[in-house]
Every structure is written in structure tokens, then in C-alpha cells.
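Going by TrEMBL, these are the annotated features:
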- 42-70: transmembrane segment (TRANSMEM)
- 90-107: transmembrane segment (TRANSMEM)
- 114-136: transmembrane segment (TRANSMEM)
- 156-173: transmembrane segment (TRANSMEM)
- 199-221: transmembrane segment (TRANSMEM)
- 227-248: transmembrane segment (TRANSMEM)
- 351-373: transmembrane segment (TRANSMEM)
- 393-412: transmembrane segment (TRANSMEM)
- 433-450: transmembrane segment (TRANSMEM)
- 473-492: transmembrane segment (TRANSMEM)
- 513-537: transmembrane segment (TRANSMEM)
- 557-579: transmembrane segment (TRANSMEM)
Amino acid sequence: MSCLHSQVCKENDFEEEPEEVTLDGSVDFHNRPAIRTKSGRWVAAIIILLNQGLATLAFFGIGVNLVLFLTRVVGQNNAEAANSVSKWTGTVYIFSLVGAFLSDSYWGRYKTCAVFQVIFVIGLMSLSLSSYLFLLKPKGCGNESINCGKHSKLEMGMFYLSIYLVALGNGGYQPNIATFGADQFDEEHSKEGHSKVAFFSYFYLAFNIGQLFSNTILVYFEDKGMWALGFWLSAGCAFAALVLFLVCTPRYRHFKPSGNPLSRFSQVLVAASRKSKVQMSSNGEDLFDMDSKEDSTNANRKILHTHGFKFLDRAALISSRDQEDQKGIGSNPWRLCPVSQVEEVKCILRLLPIWLCTIIYSVVFTQMASLFVEQGAAMKTRVSHFKIPPASMSSFDILSVAVFIFFYRRVLDPFVGKLKKTDSKGLTELQRMGVGLVIAVLAMVSAGLVECYRLKYAKQGCLHCNDSSTLSIFWQIPQYAFIGASEVFMYVGQLEFFNAQTPDGLKSFGSALCMTSISLGNYVSSLLVSVVMKISTEDHMPGWIPGNLNKGHLDRFYFLLAALTSIDLIAYIACAKWYKCIQLEGKREEKDELGV
């Protein structure tokens with residue numbers, strides 16, 4: 001009887017216990033406060049990680065071999081194909097800004113991810129159909145020995161429409177999925193806050209695993225001329241990713257969009273300019289601080305006032321005219337802005353110097369897909385009767401990423417935390433990005449030294465100079481491993497940093513900044529190569545990076561990149577010391593400054 005009574009008491013206690021809601025303002029699919037035990041967390045995050053891996057596999061199944069498809073199937077020459085791929089890749093990153101804007105302003109991250117994934121799948125299916133029905137003629141063409149015939153304008157129009165739908169779909173989806181995954185963890189909760197930090201590492205790992213499968217399995221089929229099969233496999237993976245994403249819909253946590261940020265930014269700048277001659281008090285007591293209940297954007301946490309960019313504080317200064325307006329029809333947002341809105345602009349201005357310092361790193365990163373491959377092709381690529389494709393050496397980069405993610409999460413981070421003797425995590429995001437820059441310098445020095453020895457053992461007088469050196473291609477492993485290690489510190493740290501330091505209404509924009517950094521790195525790399533070749537080919541010299549690498553000095557270009565990255569590191573340290581982190585009302589852990 002006592003057992004029965006005890007069981008009834010436990011059931012009553014369970015019924016009376018209120019369901020805990022999240023503290024960060026997230027809501028469920030029906031716009032109700034999200035219940036912690038029934039939403040988000042690792043159940044939703046794992047689905048998003050699987051979605052990311054499959055979508056990455058699908059995207060790189062197209063992107064990695066697009067230049068070969070353009071030369072073998074479409075009939076473009078090498079220069080035209082390279083230019084077409086550059087434009088296409090740049091368009092992907094431009095569309096990332098479009099996706100981030102729609103997500104933060106109007107649609108929210110879930111709807112934006114779903115819509116752009118549908119576009120992505122349509123683009124891939126259209127590409128698969130057009131290739132199979134129209135482009136791969138005669139049958140069996142598109143491999144290394146048989147080129148395809150000419151195509152009509154309609155067929156080419158269908159092809160370009162398809163690949164740019166792929167660019168639109170992936171570009172709009174990519175900056176939002178990382179942020180949406182992070183949304184599944186409540187950073188105001190101690191345990192979920194740590195899980196949120198870990199999520200970014202696993203997200204980047206999922207990205208690299210998807211890339212590894214596309215760079216090996218799909219590329220193998222496409223290189224053998226089985227383009228339609230490769231494209232259909234990509235489309236199937238993208239469709240599976242979309243289905244997975246939609247199946248988990250009831251479990252997701254959401255944040256409401258905050259409206260057009262451009263109008264909010266413009267209001268701050270106009271209001272501050274209008275009061276440029278008004279005197280301000282030094283303590284900031286005369287600033288307009290809207291109460292959460294009055295704030296139309298109260299779904300987002302309020303940003304506390306910080307010193308710096310004093311001119312912008314004038315937008316929140318309550319003048320005599322503003323006091324009269326408040327008594328009447330209410331304040332004019334083009335004359336008076338709340339402190340939180342002013343601080344939103346300050347946050348973005350503080351982020352820009354850090355973001356600019358990441359572009360040089362992206363220049364180093366892009367060499368892996370270009371000059372590293374050319375360098376590898378000029379080395380000994382045969383092991384017995386097997387020829388190693390130089391591009392496949394990027395697998396060592398992906399393996400390095402996987403190893404260093406687990407090394408950092410399981411070994412380095414706990415060790416640094418113990419050294420600090422505090423409850424805080426190990427290295428801060430800014431410190432990790434700095435470490436990434438240091439390792440990037442080591443990668444370029446390693447690549448330069450390998451090139452010196454490659455030239456030492458190179459055969460002189462060769463025409464094309466593939467396999468012209470007796471130095472094995474496996475000597476490239478250290479430079480690929482260094483790049484992989486630097487990615488873990490730089491790109492994972494960058495994702496975490498921009499997610500943590502952007503205001504609640506601009507989280508997707510923060511992720512888009514990471515993508516535009518990579519895009520600008522490609523453009524800066526192209527510009528740097530052009531400038532170096534123009535200067536180094538004077539007086540009829542072959543230049544540092546000629547078609548025949550045995551006549552050039554690729555090692556000098558690598559050492560130049562090492563020097564530029566070292567200078568960038570010094571500038572980065574100065575910017576990181578100057579940087580002041582965002583201060584949110586009610587944030588679980590406040591810090592005045594992020595150290596380096």
C-alpha cells in the first residue's frame with residue numbers, strides 16, 4: 001500500500017512540475033515559447049548535421065569537376081572554363097548575402113533554408129536531365145578521350161539556368177543552416193551553451209566529410225565520363241537532405257525575423273547626423289533606452305550601451321524636440337533611436353576590421369585548390385603502377401580537419417581550461433583565429449620548402465613537366481595537414497565568433513560574412529597572381545608561376561604569402577586587442593573583452 005501511495009505521489013509531482021521553456025527567446029513551430037525537453041538540442045542538431053553533409057556532397061559533386069565538364073562536354077578552352085567557374089563560384093557567395101538578408105529580415109532561418117534547398121534540388125535535377133538528354137551526345141562522350149559535339153543555344157541556356165539555380169539554392173541555404181543549427185541550443189543554459197560551441201566544430205566536420213565523399217566517389221564517376229550518374233547521385237543526396245530537414249520540422253526551435261536591418265542602420269546614421277551639434281552628457285543618462293515591452297523587436301535580447309563610436313550615441317540622445325514628439329504622436333525613428341538599435345550598428349562596425357583580417361587567410365586557403373594541385377602534378381605521382389591524382393591530395397586536408405577537431409575538443413580545450421583555472425572554456429574565438437593564422441604561415445613555409453626541393457630534383461628541358469621531379473608527391477602531406485589544422489582554428493573559430501558577436505537579428509549575416517571572406521580571398525588571390533606575374537615577367541623572364549613550373553619560382557610566391565600572412569597576423573592582433581565584445585541583457589556570462 002505504501003508503494004502504491006509513493007507511486008501516486010511521484011505521478012502527482014510529475015504532473016504538477018511545470019515544463020521548462022528556453023531562456024533565449026526561441027519559439028516552436030507555432031510561435032509558442034520553446035519547451036526545452038521537447039525541442040531543439042542534439043536531436044534536431046544531428047539531423048541538421050546530416051543535412052549539411054549530404055548537401056555538401058551534392059554541391060561539391062558539381063563544383064569540383066565543373067571545369068572538366070565545361071572543357072570536355074561544353075567545349076570551352078581552359079581559360080574560358082576557369083573564368084566560367086570563377087564567375088559561378090563568386091555568384092554562390094553573392095547569393096549567400098541574399099539568403100542571409102531574407103532570413104534575418106522577413107522569412108526566418110527555417111523557411112529560408114527550406115525554400116533555397118528546394119531551389120537547389122530543382123537545379124540539380126534540371127542539370128541531370130539536360131546533361132543526360134541533350135549535352136552528353138554522342139553517347140559515351142565526356143571522358144578523357146572522347147569530347148562531346150556542339151550544342152544549340154537552347155541546350156546551353158538550359159545548362160546555365162540549371163547551374164545558376166544550383167548556385168542560388170546552395171548560396172542562399174549555406175549561411176543559414178549553420179546559424180539554424182546553433183539556434184537549437186539555448187546559450188543562456190549552461191549545458192546547452194557548451195553544446196552550442198561544440199556544434200560548430202561538428203558542423204565543419206560534417207562539411208568536410210561530405211566534401212571527402214564528393215572528391216572521391218562522385219569525382220571518380222565523373223572523371224570516367226559518367227557525368228549523368230554523378231549528377232543524379234548529387235541530386236539524390238540533395239533530395240535526401242531536404243526530406244531529412246523537413247521531417248524534423250516539429251522539433252526545431254526558431255527565432256522571429258527582425259525586419260529590414262538596412263532601414264534600422266540608416267535611421268541610426270540619419271538621426272546621429274541630425275544631432276551632430278547637440279551637446280551630450282558624459283555619463284550617457286540622457287540616452288533613449290526603450291523598455292522591452294515597448295520595443296517592437298522585443299523578440300531579440302536588448303544590447304547594453306557601450307563606449308566607443310560616440311558619434312552614433314547622438315542617435316539615442318533625447319533632445320527637447322524629441323520630448324515634445326513623445327508627448328504627441330510618439331518619437332520619430334529617423335530622429336530618435338533606442339540604445340539597442342544604436343549598439344547594433346556599433347557591433348557591425350567593430351566586426352569589420354576582424355573580418356577584413358580573415359581575407360588574407362582565405363588567400364592562403366584557396367592555394368590548396370590551385371597551386372598545390374599544379375605543384376603536385378609536377379612531382380612524382382606514381383606508386384608502382386598506380387598514378388595518384390594531384391587533386392586527391394586534398395583528402396589529407398580533410399583528414400587533418402577531422403583529427404584536429406577531435407584533438408581540440410577532447411585534449412587542447414580542456415587542457416587550456418585547466419591552465420586558466422577558471423570555469424570558462426579554453427581558447428577564445430579570437431585566440432583560435434590567431435592560432436589559425438600562425439599555422440597558415442607554417443603551411444606556406446612548408447609548401448615553399450617542398451617546392452625548393454622539387455626544383456632541385458626536377459628534370460630540365462621537359463615540355464609539359466608533369467611527373468618531371470623525382471620528389472614524391474607525398475612530401476605535400478605536411479602543407480595539406482597544416483592547412484587542415486589552420487581551418488579548425490580559423491574557420492570554426494570564425495563561425496563561432498560571428499555567431500556570438502552579431503546581434504540576435506543579424507545571425508545569418510554573421511555566417512554570410514564567413515562565406516564572403518572566402519569569396520574575396522579567391523579574388524585577392526587571382527589579383528595577387530596577376531600582379532606577381534606582371535612584375536616577374538619583365539625583361540622577358542618566365543615569371544614565378546609559368547606554365548612550366550621548372551622554369552619558374554613558385555617557392556618565392558609561397559614565401560611571399562607567408563610574409564603577407566605574418567603582416568596580417570600583426571594587424572589582426574592589434575584589431576583583436578581593440579575589439580570589445582557585444583553585451584546582451586541577461587546573457588549568462590558577460591565579458592568586457594575577448595583576449596588574444
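Cβ coordinates are placed from backbone N, Cα and C, and glycine is handled just like the others.
Nobody curates TrEMBL annotations by hand; they come from automatic prediction.
By the count of Cβ pairs under 8 Å, the stretch nearest in packing to the transmembrane segment (557-579) among 351-373, 473-492, 513-537 is 351-373. Beyond the ends of the transmembrane segment (433-450), by six or more residues, the same chain brings 354, 358, 361, 364-365, 367, 372, 375, 427, 471, 475-476, 478-479, 482-483, 485-491, 493-494, 497, 555-556, 558-559, 561-562, 565-566, 568-569, 572-573, 576, 596 to within a C-beta distance below 8 angstroms of the stretch. Only sequence-distant pairs (6 or more apart) were considered; of these, fewer than three Cβ pairs between the transmembrane segment (114-136) and the transmembrane segment (393-412) are under 8 A, so the stretches are not in contact. In this chain, the transmembrane segment (199-221) lies apart from the transmembrane segment (351-373): fewer than three C-beta pairs between them fall below 8 angstroms, excluding pairs fewer than 6 positions apart.
Each of 42-70, 227-248, 351-373, 473-492, 513-537 was scored by its Cβ pairs under 8 Å to the transmembrane segment (393-412), and the highest score goes to 473-492. Counting Cβ pairs under 8 Å to the transmembrane segment (42-70), the top-ranked stretch among 227-248, 351-373, 473-492, 513-537 is 227-248. Counting Cβ pairs closer than 8 Å and at least 6 residues apart in sequence, the transmembrane segment (513-537) and the transmembrane segment (351-373) reach three or more and so form a contact. In this chain, the transmembrane segment (473-492) lies in contact with the transmembrane segment (351-373); the count of Cβ pairs under 8 Å, excluding pairs fewer than 6 apart in sequence, is at least 3.
Long-range contacts of the transmembrane segment (473-492) within the same chain: residues 200-201, 204, 358, 361, 364-365, 368, 372, 375-376, 379-381, 388, 390, 393-394, 396-401, 403-405, 408, 432-433, 435-437, 439-440, 442-444, 446-447, 450, 453-454, 514, each at least 6 residues beyond the stretch ends and with a Cβ under 8 Å from a Cβ of the stretch.
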